[in-house]
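Asks: Handing you a structure now.
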Amino acid sequence: MDNYSSLRIGGKQFSSRLMVGTGKYKSTQDMVESLSNSDTEIITVAVRRIKNDQTGDNLLEKINWKKYWMLPNTAGCVNADEAVRIAMLGRELAKLSGQEENNFVKLEVIPDKKYLLPDPIETVKAAEVLIKKGFAVLPYINADPILAKRLEELGCSTVMPLGSPIGSGQGLLNLSNIAIIIENAKVPVIIDAGIGVPSEASQAMELGADGVLINSAIAQAKNPPLMAQAINYGVKAGRQAFLAGRIKKQDFAIASSPEKNISI
């Protein structure tokens, strides 16, 4: 990506590089205000949450789907077959929201209940099937450069390496691998999971990531709408810093004031 304002995924263009999740908020009002403050255009929706919702507080009815692009996710799936089934349901949910041509899916296959780390083998299997079914697949993966390239070659629309475990707020723990993924990728790289504060979102963008996806850092903040706004600023600042280009690191000091031709 060569400018801030253009993020292209699956043939669709977005002006924001911040994706936001819809889970874990204390109230629907917090969620709606946070989405607005974030300036996001893509929001993730857990298909299982919608499918099993018995409260009457239907997420599909709370969000303006003319403003936001739905990214259904397969959270809760433990194998490829299950993920494919949930992805199909997600596509139907998108149609119900009025997005008839929405084939996006955030692919999550997570059998590990303690650390919530994605299964690379089942993720590849599910991605192969979903791509053949016409989905724009956005796979959630460990920060593994080889796996990221393999999924890109399969036809995934992005790769989404984790910064650190979901909801941990530990930030970017594997900078070297994330940097390699960014360097090698020919599809957008979206950093997903573990970001806790705006400075970490900015750091991801400064590395050259094309975007970030954030949920817990916003939803579980003391003031979610304010945190959403702060992270929005962090993402924009990080992207601009990447485009501007940082100075080279040196092992010694270099004076910023001229030392010659100064009359005293």
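Here, residue 1 is simply the first one shown, and the rest follow in order.
Including glycine, each Cβ sits where the backbone N, Cα and C put it.
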Asks: Taking G167, G234, G238, G245 as the options, which does Swiss-Prot list with A193, G194, N215, S216 at the 1-deoxy-D-xylulose 5-phosphate site?
Replies: G167
Asks: How many Å separate the Cα atoms of A193 (1-deoxy-D-xylulose 5-phosphate binding site) and K106 (active site, schiff-base intermediate with DXP)?
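Replies: The separation of the Cα atoms works out to 13 Å.
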Asks: Using DSSP, would you call S216 (1-deoxy-D-xylulose 5-phosphate binding site) helix, strand or coil?
Replies: helix
Asks: About how far apart, in whole Å, are the alpha carbons (Cα) of G194 (1-deoxy-D-xylulose 5-phosphate binding site) and K106 (active site, schiff-base intermediate with DXP)?
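Replies: Their Cα atoms are separated by 17 Å.
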Asks: Here the binding-site residues are G167, A193; which one has the lowest number of other Cβ atoms no more than 10 Å from its Cβ?
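Replies: Result for the binding-site residues G167, A193: minimum number of other Cβ atoms within 10 Å at G167.
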Asks: Could you list the residues of the same chain, at least six apart in sequence, whose Cβ is under 8 A from the Cβ of N215 (1-deoxy-D-xylulose 5-phosphate binding site)?
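Replies: Expected: V20, G21, T22, G23, K24, T44, G167.
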